[in-house]
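A short worksheet on the structure shown next.
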Amino acid sequence: MSKKRLHEIAKEIGKSSKEVVEHAKYLGLDVKSHASSVEEADAKKIISSFSKASKPDVTASQAVKPKEVAQPSVTVVKETGSEHVEKTQVSKPKSRNFKAEREARAKEQAARKQANGSSHRSQERRGGYRQPNNHQTNEQGDKRITHRSQGDTNDKRIERKASNVSPRHDNHQLVGDRNRSFAKENHKNGRFTNQKKQGRQEPQSKSPKIDFKARAAALKAEQNAEYSRQSETRFRAQQEAKRLAELARQEAKEAALKAQAEEMSHREAALKSIEEAETKLKSSNISAKSTADNRRKKQARPEKNRELTHHSQEGQKKNKKSWNSQNQVRNQKNSNWNKNKKTKKGKNVKNTNTAPKPVTERKFHELPKEFEYTEGMTVAEIAKRIKREPAEIVKKLFMMGVMATQNQSLDGDTIELLMVDYGIEAKAKVEVDDADIERFFEDENYLNPENIVERAPVVTIMGHVDHGKTTLLDTLRNSRVATGEAGGITQHIGAYQIEEAGKKITFLDTPGHAAFTSMRARGASVTDITILIVAADDGVMPQTIEAINHSKAAGVPIIVAINKIDKPGANPERVIAELAEYGIISTAWGGECEFVEISAKFNKNIDELLETVLLVAEVEELKADPTVRAIGTVIEARLDKGKGAIATLLVQQGTLHVQDPIVVGNTFGRVRAMVNDLGRRVKSAEPSTPVSITGLNETPMAGDHFAVYADEKAARAAGEERSKRALLKQRQNTQRVSLDNLFDTLKAGEIKTVNVIIKADVQGSVEALAASLVKIEVEGVRVNVVHSAVGAINESDVTLAEASNAVIIGFNVRPTPQARQQADTDDVEIRLHSIIYKVIEEVEEAMKGKLDPVYQEKVLGEAIIRETFKVSKVGTIGGFMVINGKVTRDSSVRVIRDSVVIFDGKLASLKHYKDDVKEVGNAQEGGLMIENFNDLKVDDTIEAYIMEEIVRK
């Protein structure tokens, strides 16, 4: 039996769902909400209950019922006695219906207008109330008046809730005119048991009273019914609109499908005509027929599979006895989906049956006359370059006997043979190593002869220590550089530029100490002219000879400046004669070298020296092209804590600009800032100009070449490639153990090493220190430089020193506070210096202390045993007398008997009489005991000696 939901019943009878739920509960049905379901019989019972519209008791007053509206339930309570008062309870509406209230008030006003003389009769009624007839009437009248006042109060409260109007105005309407209009009806229905006695002379008659609550409830129910009918009408209109919209949508969809089908038919017809045209042009019908057969077979296979699937499903259905309804629904959905899928497949199959689109012919391209190839090009790359199909090239290679695919690399010979077959001239591409900076210094063909201009000469000042090199530069620059140098010697290269007679001269100041040989050689390699300073009082010194050799090796002209001619012992002629022995011959003697006698301290003949420099530069014809990208050499490099790597560069060709991508040695970067020799920021540097730059990712080596690249990407690639090559070269230089050097390697393991970590302010000082320390010769000990770098001593250096048991040497640098604290904690030694030869001396002493000490025996004295005493639990005590030297408590002794040493050991005790003493002198007597020896005899000789350490020289 089917079921109905309560909200469906409410919709059917035009009632609210809440009323239907209440009626169902009243009838004893187990329902919870409007969504609850009831049986068909229960539904009919609910509908019939609404149609009957159950009435109250006969004795109770009833309200007027509108058509098809259920009367609200009214409960009447009667009181017996003289008062005869009735109490009426009316179910309150759930919500106020203002429209119903307005209609009720309109009806009341219309009834009031129809009444004649309402105001006059009401006045008489008021006067009648004031005239009581007798005691009984007054008593009953008082009671009725009291009851009426209570009724009026209740009526007023009901009217305030219903109409939200003035209670005073409502009182007149309800009590006056409405009572007269509905007097007969109220009396007939018996709503009111109390009669209004005011203004009447019949105190015992009972006039009916209007039940306004019931009236309002009836109006409310009528309005609800009207609203339900309107809602149902709107709902049916909406449903009809939806149905019409759905029909319109389906019609539009069918029209679109029809148009699409027509378009597909036109397309199929066009494709069919194209296929017929192509079949006429094809010479071979066999291939077309086989293709069609294959397509028909492919179409037949799915049908066969579907038939097999259908039969298998029927068999399964026969075997299965019962099917679940839910499974049937799901299978039905799947079957519909498969049906749609088959339809789509059918469309695709239909499209596959149509002829394929004609292949557009490739546009013809002329073959190039020349083809530049590289080793290892693939077939696809060659085809793209000559604008041919890869399959065509593969075919040609196959005819040539070469099996290749389009992604296979070909060698140069195969590519040349292939190009000959095509009639193209093949040329191998000359690959340029972008990471090779040295090619710019070896080949100058990239320079433009039209842009070559004269450049400033680069002059290097060389000479022995304290011969006046820095003093000369100080005089030239009018600055005090020499006073800032530690120990009066120059520690690293300084590059400066001065102007003389409108022309610029760049000076490089090189150190004169023996440790800076590599720096002097580097200075000579970048210079144009060398000024060799020789002190007139000292003459030629070892570093002077070294500077001469460097200049000759670099092939640069030499100008000799004989300095300190103001000193009393100056002898310039001796200097000229000594230099002649090394091939430096003055022009006065018929040579090619210019000699100038100067006094750098007193600024004597300085102008003459500068004029000589400009004259030699003019003879050398120094030229440069400032328009090309800059190249040059690193003069010095250091690491700054705030700025990072700082490199002093000497521009040799081109112009260096800020933001230029640059490769310096094995590192790369971009020129972030540029500072000249005066400490001023500049935006560009022309040839022969020294500048300091920042922006490198690492600190380069002094003497490295640099070059500016077109973009940062190329500079990065070149820098990384150079760094990779340097690392590979370093690994190749690692010594491998072989049978030939196995003995030397094992022997080297016996040599003690002093591990050092070098940190300096500039790269040149690092190189000089490392080279000098390695050259220290102490037999059995060598220096091992664990790490060397520029910059302050940091925590990582201390950690490395602790791990390798090394000493940290700081040259013109200081440790950070954190590094100093860590060094104190880890007990790592840090030595700070500013003069190089003191570093060398200190390390040499440490190397000597590393060797095992060498001891030499020293005899202190001799003694003769005069008497022996044997003491139990102690041993033998020998009484002796010193015959030579002395015997000490901490000395070793030998027991000699018959000129044969029978024991060698330590003294256990030494006494003079009963006192323990440290030594017994010559011609004194005493007693002694020897450790682990009790075989002392009279006349044994006791020889006392010690081992002394020999100081190494």
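Just so you know, glycine gets a Cβ as well, placed from its N, Cα and C.
Quick caveat, the model's predicted, so the values are computed rather than measured.
Check Swiss-Prot against the ranges 509-512, 549-552, 697-700, 729-732 and you find region 'G3' recorded for 509-512. Checking the ranges 488-492, 688-692, 763-767 against Swiss-Prot, the region 'G2' annotation falls on 488-492.
Among the ranges 407-414, 463-470, 887-894, the stretch that Swiss-Prot annotates as region 'G1' is 463-470.
In Swiss-Prot, the annotation region 'G4' applies to 563-566, one of the ranges 563-566, 779-782, 823-826, 915-918. Neighbour counts of Cβ atoms within 10 Å were compared for the binding-site residues Gly463, Asp466, Lys469, Ile565, and the top value is held by Lys469. For the compositional bias 'Basic and acidic residues' (229-247), the list of distant contacts is 11, 14: same-chain residues at least six beyond its ends, Cβ to Cβ under 8 Å. Secondary structure from DSSP puts Gly463 (GTP binding site) in a beta strand. Here the region 'G4' (563-566) is broken down by DSSP into helix, strand and coil counts: 0 helix, 1 strand, 3 coil.
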